[in-house]
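Colleague: Below are the structure tokens for one structure; questions will follow.
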Amino acid sequence: MAKRIIYNENARRALEKGIDILCEAVAVTLGPKGRNVVLEKKFGAPQIINDGVTIAKEIELEDHIENTGVALIRQAASKTNDAAGDGTTTATVLAHAMVKAGLRNVAAGANAITLKKGIDKASDFLVSKIKEMAKPIADSNAIAQVGTISAGNDEEVGKMIADAMDKVGKEGVISLEEGKSMETELEVTEGMRFDKGYISPYFATDTERMEAVLDEPYILLTDKKIGLVQDLVPVLEQIARTGKPLLIIAEDIEKEALATLVVNRLRGVLNVAAVKAPGFGDRRKAMLEDMAVLTNGQLITEDAGLKLENAKLEMLGTARRITINKDTTTIVAEGNEAAVGARCEQIKKQMDETDSTYDKEKLQERLAKLAGGVAVVKVGAATETEMKDKKLRLEDAINATKAAVEEGIVPGGGTTLAHLAPALEQWAASSLSGEELIGANIVAAALTAPLMRIAENAGANGAVVAENVKARAGAEGFNAASGEYVDMLAAGIVDPAKVTRSGLQNAASIAGMVLTTECIVADLPEKKEAAPAGGGMGGGDFDY
């Protein structure tokens, strides 16, 4: 296919145009008074959402070069989402501000490579400062505050996530389900999560989120490698007759067997997914036995004289729901309390008997996975559109609270970044010189961008608010919901340090890449052939 090649300033300006379009669409959602965005869908009802990364993923522009700019900033948002699960809008606004200021300097003759070095050094300095400022989470009240802010100031959501964390522990699993009523409810049930995702992405049932969700599935547990699909055929035929989905958890699945499963899944013959068993050696077997107890099934192992080809339906485990993504598998089971309790007692006995610290640690891990259970939040809403929006907000809130537990909290509402701007300017003036100093100052100027946007979305003057906040000490910032200047920590307006840090690092990384671009190679738009004239109507000049 023919390519179009654009150089120098033209290339950077085209990228900038795409970045402007994406940033404007995403930035309207920022802050407590941020608005929603409606996404038109080819099939089904339109979606109304308030989540930066979801909006960014939907934007595709006609111009290939501008679309490249969109894709670059989208990457900053999705990387922040992968790392921290929230803060995607902040990352987008920061990257946009850095790119705008940086391009002005490059156009004025600054060396892009040296600017990038300055940006990277400034980013490293700020990351260390954010870590210093972070305060560890003290109680469930702080968890509720983080959840509330992340869910768009929804206190009910914040409180529910704090309750869920109380019940399943800070390391526990919180899963989301679509509820049947108008109310959002919390339920704690047996279940576990382990760090293995699907073997093939073709098993995903939701291609937008790249997740496989199986409702009321059968679970086949085996500690052997599945090499031939013939071994599976008898059990697959039995399951196909029931019409229920199947999850296979095995040591591994060879290519031939995997290909057969994928083909059956794509043709709709059988809704199946496969996951590698977690752990190694004896520990893997023990974890598979834990899963068998949890799901009321049997581990098919040759040690017990069981073979795959002789497996019956009653040997398989069952669960209420299983969610699998590329990295993790979450099993939500129910109705097995007695068996799970007995298994937990057995693990505790083993812990008492062993002298090895390593073994004790691993047994403790297994116990926590099995006994902790899963908190299921059933999302309630009046309409499907509201349900989808609420689900995205809840997901952000859960991710934000987990990030806060990991790395602590900092004052929210763009306050932390705005307060760091003067500190960065001082450090850069004493430690850097020339164009590196200009690069660091580009970052310093961009740090107030999220705060300004939050203020503007609330109807205030962004530049005035930013100057006022920079002049204040400690954790004082602008509460956009009330329009007052308050102590953000005392008012419960907090952000997870991990979210702020990830957003900043990804924005600086993308900005550096855009500034150092000197040439773009993109596909030429395809010329569409004119449609042939209608039968018997000739190709005249008239519109019939």
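Including glycine, each Cβ sits where the backbone N, Cα and C put it.
Reproduced below are the annotations present in Swiss-Prot:
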BINDING   Thr29, Leu30, Gly31, Pro32, Asp86, Gly87, Thr88, Thr89, Thr90, Gly413, Asn479, Ala480, Ala481, Asp495  ATP binding site
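Can you walk me through where each of these features ends up in the structure?
Modeller: Note: Asp86 (ATP binding site) has non-local neighbours Thr80, Ser150, Asp396, Ala397, Asn399, Ala400, Ala403, Pro496, Val499, i.e. same-chain residues 6+ apart with C-beta under 8 A of its own C-beta.
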Colleague: Give the helix, strand or coil assignment DSSP yields for Asn479 (ATP binding site).
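Modeller: Where Asn479 (ATP binding site) sits, the three-state DSSP reduction gives strand.
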Colleague: Determine the Cβ neighbour count for Thr88 (ATP binding site): the number of other Cβ atoms within 10 Å of its Cβ.
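Modeller: Within a 10 Å radius of the Cβ of Thr88 (ATP binding site) lie 31 other Cβ atoms.
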Colleague: Provide the number of Cβ atoms within 10 Å of the Cβ of Asn479 (ATP binding site), excluding the reference atom itself.
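Modeller: Summing over all protein chains shown, Asn479 (ATP binding site) has 19 other Cβ atoms within 10 Å.
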Colleague: If you count other CB atoms within 10 A of each CB, which of Thr29, Thr90 wins among these binding-site residues?
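Modeller: Checking each of Thr29, Thr90, the winner is Thr90.
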